[in-house]
Each structure stands twice: as C-alpha cells, then as structure tokens.
Amino acid sequence: MESTGGPYLNTAAVTSPVGIARLLQMTFGCTTFSLVAHQGGFSAAYGTFCMFVWTFCFAITVFIITCEFTHLHSCLSLSWGNFTAAFAMLATLMSLTAAVIYPLYFVQVGCYPIGCEVRDFRIAASVFAGLLFVTYASEVFLTRAKPGQVTSYMATVSGLLKIVQAFVACIIFGALVNDSQYGKYVATQWCVAVYSFCFVVTVVVVAFSVTGKTALLWFPFERSVVIYTFGAVLLYMSAAVIWPVFCFDSKYGSPRRPGLCAKGKCPWDSQLVIAIFTYVNLLLYVLDLAYSQRIRFVSHL
C-alpha cells in the first residue's frame, strides 16, 4: 500500500526538545503520585489538591503526547498551539504550588509518628514534584514566543500572563471564602466584584484563543482584549486602594493581627493574602497591557 499523506506517526513529538520535556513530565508526574499513593500518603484539602494536580497534569500531558504523535490534534476543533501553551503555563503554576504545599505539610525530618519508610517516600515524592515543576517550566521556556516569530497568542508574554492572572484570582477567591468578612462593607464587595469580573473575562479570552474562534466574532478581538486589559488595570487599581483601607485602617478594620485569632481561621490573615495578591495581579495586568502593544494575534496556529 502506498501512503499519500506522509508518515502516520510524528516522531518529532517525542524526539524534539519539547517532546522530551513532555516525556519527562509524564514520567515525573506518574512517579510522584505513585509514591504518594503507594506509601507517602496524603490527607485533608491540601493533600487532595496535590494529588489532583499531579494526576490532572499527567492525564493532559499523556493526551497531548498521544495527539501529537498520532496527528490526532488536527482532527480537534482547537487552536492546538494556544491549547498546549496555555496548559504548559497552567501546569507550571499548579505543579509549583503542589511542590511547595506537599513538603510543607507532609514532610518532616524525624520518623515519629509516621515511621521512617513513610517519611522517605514523602521526601522522594517531594523531589519528583520539584522536578515535575522544572520540566513544565522548561516547556514554557522552549515554546514561548521569540522576537519576530509568528506564533500562537497564548505562547506570547501577554497570553502567558492571562493564565497567571486567572491563577492568582483563584488564590484570591480561596482567601475570600476563608472567612475574609468581605460582606461587611459595600466597598469590599466592590473589590470582590472587580476580582470576579476580571477573572471571568480573562477566562473567556483564554477560551476563545484556545478554541480558535476569535475570527468568528463580530467585533475586533485584538483591540477588545487590549481595551479590556486597560480597564482591568483601572479596576484593580481601585481594589488595590479600597481593600487595604477597609481591612487594615483602624476606622474600619485592624492594622495588626488580633492576638486571639486562631491560626488558619483568622479573617485578618485572609484579608492580608487578598491584599498581597491584589497587588500581584495589578502588576500582572500592567505588564500585560505593556506587552499587548507589541503583539499580533494569530488564531489559527
């Protein structure tokens, strides 16, 4: 039989630098959650989150390798370049978080009371979790847009920042629901509205880029994203002023942490986390606005 469409299998999917990085991601991810599931153990919300991160990233990485190796990605209604770039950035952030959380809550120097074998498994899992983060970060470095290169929007600095902005917003939401007392004032409720609006629009921008549907919109997507980013900067500037005032000014809140506040269940701690990450996201949106002036959207890659 003669082949008229070229080779059926794309060997570059596993032999190129990016392909090798993905094979290492698959290996390190499988090793990490296997060590934890076999003997390391996990518990509570923190441990469950770490296991979710490792299994989720492993599953999507296997899916990406399979699709690229077999050319199946050409059959999907996705902008494949945008999808893989967005996932690599998201996996980098998630694996970094898990690589910090797991040893922080589950690794100890001594053997008591968990036993030396369990301790060793947890240390090994933490090492492989760190290596997993490095491999995902390597993929982001390898696939990021180079100067003068025509590439997918999500591979540009602006596109990658969209993923980071949404991830930071999730951290803010987590602190909000942890007894942050944001409902006490209309002003703090406004801040929550700002976080929610910017998160939703950012996710929509990512979704349209990943699905490759930007060309079907009746309005200029590129210009709209830049205008939205400018609006998000203004909104976050208002939240960056309002939230600290209504949480840490002595007239409305407490400038210092209350002495009787229980660790892990103190509204002041949640308010501080929200304030810090509000400034982080403000900086990210400012950087996004600056970089968005220098790119052009390519929706079909």
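Cβ atoms here come from the backbone N, Cα and C positions, even for glycine.
Taken from TrEMBL as is:
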type: DOMAIN; residues: 13-148; note: domain 'MARVEL'
type: DOMAIN; residues: 153-297; note: domain 'MARVEL'
type: TRANSMEM; residues: 44-66; note: transmembrane segment
type: TRANSMEM; residues: 78-101; note: transmembrane segment
type: TRANSMEM; residues: 121-142; note: transmembrane segment
type: TRANSMEM; residues: 154-177; note: transmembrane segment
type: TRANSMEM; residues: 192-218; note: transmembrane segment
type: TRANSMEM; residues: 225-246; note: transmembrane segment
type: TRANSMEM; residues: 272-291; note: transmembrane segment
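Taking every listed stretch (154-177, 192-218, 225-246) in turn, the largest tally of C-beta pairs under 8 A with the transmembrane segment (272-291) is reached by 154-177. The domain 'MARVEL' (13-148): residue composition by secondary structure is 113 helix, 0 strand, 23 coil, according to DSSP.
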